[in-house]
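As annotated by TrEMBL, compositional bias 'Basic and acidic residues' applies to 1062-1078. What TrEMBL records for 42-135, 144-231, 245-333, 338-425, 436-518, 522-609 is domain 'Ig-like'. As annotated by TrEMBL, region 'Disordered' applies to 697-726, 1062-1086. According to TrEMBL, the feature signal peptide maps to 1-25. Summarising the annotation, TrEMBL assigns transmembrane segment to 1030-1051.
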Amino acid sequence: MLGQVGHAALALMSLLLLLWHEAAPIEVPQDLKILQDLKQPPTIIKQSVKDYIVDPRDNIIIECEAKGNPVPTFSWRRNGKFFNIGKDPRVTMRKRSGTLEIGFRSGGRPEDYEGEYQCFASNDFGGALSNKILLRVSKAPLWPKEVLEPVSVTEGSPLVLPCNPPPGLPPPFTFWMDSGMSPIPQDKRVSMGLNGDLYFSNVLARDAHTDYSCNARFLFTHTIQQKNPFTLKVQTSRKVAESTPTFLSPSGTESSKMVLRDEQLLLECIAAGLPTPTIKWFKKGGDLPGRKVKFENYNKTLKIINVSEEDAGEYVCMANNHLGSIRHSIFVQIKAAPYWLDKPSDLVLAPDENGRLVCRANGNPKPNIQWLINGHPIEGYPPNPNRQVLGDTIIFRSVQIGSSAVYQCNASNQHGYLLANAFVSVLDMPPRMLGPKNQLIKVIENNRTFLDCPFFGSPLPDLRWFKNGQGSGLDGGQYRAYINGTLEIKRARAEDEGTYTCVANSILGTAENQVRLEVKEPTRIVRLPEHQSAVRGSTTRFDCKVKSDPSLTVTVAWMKDDKPLYLGWRLRKDEESLTIPNVNEGDEGTYTCTVKSEIDQDSASARLTVLDRPDAPMDLDLSDPAARSVRLTWIPGNDHRSPITEFLVQFEEDRWEPGRWQKLSSYPGDLNSVILQLAPFVNYQFRVIAINSVGQSPPSGPSPRYKTSGAAPDAIPRGLRGSGSKKDNMEITWEPLLDLERNGPNLHYSIWWRRKDSGEEWSNVTTVGSKHVVHNTETYVPYEIKIQARNEFGSGPESNVVIGYSGEDKPSDAPTDLRVSKVDSTKVNIHWKSVNPNTVRGEFKEYRLYYWRESSQVPGLIVNKEKKTKGFYSTMAEPSGILSDLVPYSKYKMFMVVANNHFESSPSNTVEFNTKEGVPDAPRAVRMHSKSLDTISLEWEKPLEPNGILIGYQLKYQRVNGSRLGRPHLETFLPNVTEFTLRLPDRSTRYKFFLSAMTQVGAGEVYAEETPHFTNEAYIDHVDIATQGWFIGLMCAIALIILILLIVCFIKRSRGGKYPVRDKKDLPLDPVDQKDPDGSFDYQSQ
């Protein structure tokens, strides 16, 4: 019956929990003013570790610090009893803290203060507890005095040398050394176990020593204690018996091991046997945890870090050698001290609100949960209808002011405990705004925007937003209001600008704040920098043009490789670009332009690659020598980011032009080993130049010298020819072989010649020069010629036969019957009779006509009588030709000769003829000026070459209107008229004039000109300048200077002074106009 009632009560309680509404706990903001006004129970913020081992040489400090409002007071318990600090002069407590300091300067033993300590921090609203701190003093005891007898063992037998270090706190670290303080060598056969003993799987004769000493190092005191050494004697025999494996540790076939969760598991198997056994590990029913497992001590130790429940099970170690194997099973159990699943946290509630504290922990075995209030068991407090304990949970209903307290949860089992403090604070506070008042927020258009309105109150107030003080609360659509007071504007636009008001309201009051929102245009880089490659020494530029909101101040900064760029004196920055003159390798990198306003920024990057000429090739090497070739190999230098396109191989030889480097050959940039084709009898050395798009590298260092052997010449002398310098000789000349074509010493030339088609034997001569003269030849006779080069190694190839000629002489006959026909104003046909080719006495070149202008038919015109020539090449019996570019209306004379390469014949008969009248040249010295505001005057002079008798001038003029010309007007003038005045219809009218002279043949070359702009101001200045005072003064000064100079000249002349006079008798005189009554002109000399 009681069981049924209990089940019904439990079911009813579960239903009530489901229907019960719990308010979210209040989160107190970390606002300084609120925290100053906020009353809260104590919270432990610092304490010493649970297992606290101290150094006996130092003072003991047990930490305990807590916060709360009012400031907490502190007290201590020692071994479960109140610890009266005031009665012990060695113990003090720090101010505004619960930390204890125990000093021993005036005496006392630290061991007297060992025990369990617990700190209490309390104020008006509750009390908090620290962990129970077990204080122990570190100990480093000495080894017990003992006499160790020598250990005698048979060779091949196992051995264990015990260590048994003195128990210390904490336990010491053990190791084995000899008397020389050198570690005992350890390996698969000899090793130290986890307990500190030294294990020998089998003893060898070399193990016999008198100084096996175990050492214990104590960490706190930094001291090392040494055990008396063992003496090991090994009894040797001729033959050592082998043995199957046996375990030295652990013993038996199975054992067990217990380890706590999250600690380290160490399993050990050390085996004896000869040969030394090998140890292997595995886990029954599963694999070893690969990520956590490690094998140490030559596989004798298995270590698993941070063990968990799934690491429990049976582990098997197996020892084997070629005689057999044995196994040992270790059953591992994983227990666990309590660990948190849900640690209770502080709870701040408003009056009449509900809440809960949860304390969930796990362990093995499962821990027991105990609740305390202000450090005392909850069972000792009278029942409270607003508080209910349900195992690991405490439920609070309708809490009231004055019910604040600190609750402790203690979770414990046989392996340890957990203690957590969590206060329950009941708080009432009217609404208040936490952010700055009337804040101005600037945002970028179309961006997601948040307007913050931090607030606090208990109970938690309701918060609403309003825009420009109108309308209902903002929430939904474009706006979203968050519970923490933030208003989100999903996409800020220009119309969203304005004043936003947030209002917090609760039963205790109202608080409000305002935020002014301004929407700005985004800051953007509209012309971005681009990746560039620049040659070292050149100038490069990165663009960075910015567009931003006019009301925002924008700054532009440049970075290089993510570091601020130092401009220095060389780099130049303006609003839209960065210029880098005289680029060097240090300028290479990534340049970032960052433009910032107070609310946003933009950036863009581009990389600068600096190109340079390649470095010189290195390590030239010669290989594969042959008579006329050798292989050259080199290592290319750094190409400085511009690929090498070509290698230039140069050579220098020390026989003919030592020190002069010459081009040998070029090779593609992807080769670095080539076969060089060489000439004989040259002592070479080589160098290599690399070429890329920037330029040439410096030359490499020279290669070792390579000398080729001699050979007969391969080349034929070039430019072989024969010609006469006199009428009875022939000079045979040729170009000597180049130095690299000699192929050996003692170079000379063999020359052969004979008269062509004569059937004569070849004449021959040998010479070292490049010329040979054949004397006593007939005039202009053809010869066959050939040549061959020779040296000490033999003869080269013979040349082809070339035809040469002996010397020329003056032609014996002259052209005859020279005459003209079809005389025009500028050209004439000429005719003559040719000479016999044999009388040319040389190579016929041309019939050469000499002609000159004797005079002009225009009276009084002086002409240039310089002779001119024109050649005619013709082999006809009665050839003819045309002589052009003659001056019209002139008298000419001419004669003709026949010419070879060196001589001319006697002249032919002389012929005279007159060219016909032509059209004149253009008038000269045309001038245009304005004598008044409404007229334009044109003046000119007669043509330089009238080409006939002038009969007058023709003037055509047209009005100019932009690019269009008006109706033409024509005026004609007599030859003695050389000016024309035109009245303008208005001052801005412009005309274009076309002027030409005329003969009976017609109008000649036209001179064209357009009137300039004559402004009223210019004319007025011109008219009034004579009335200006400064102009009258200037003219007076000039007149005075001229008068003084005339007086000085007169005085010098009266004293017999001499002056240089220009001799003009040989100068041609300019023609002057002599007007006849009929208006015609004569050209006469004065």
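From the backbone N, Cα and C atoms, a Cβ is placed for every residue, glycine too.
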Taken over the domain 'Ig-like' (522-609), the model's mean pLDDT: 91
Considering the domain 'Ig-like' (144-231), which listed stretch of 42-135, 245-333, 338-425, 436-518, 522-609 counts the most C-beta pairs under 8 Å: 245-333
Tertiary contacts of the region 'Disordered' (697-726), as residues 6+ beyond its ends and Cβ separation under 8 Å: 613-618, 620-622, 625, 627-628, 630, 632, 634, 637, 650, 652, 654, 661, 678-691, 732-738, 741-745, 747, 749, 753, 770, 773-774, 777, 780, 783, 785-799, 802-808
Within the region 'Disordered' (697-726), residues counted as helix, strand or coil by DSSP: 0 helix, 8 strand, 22 coil
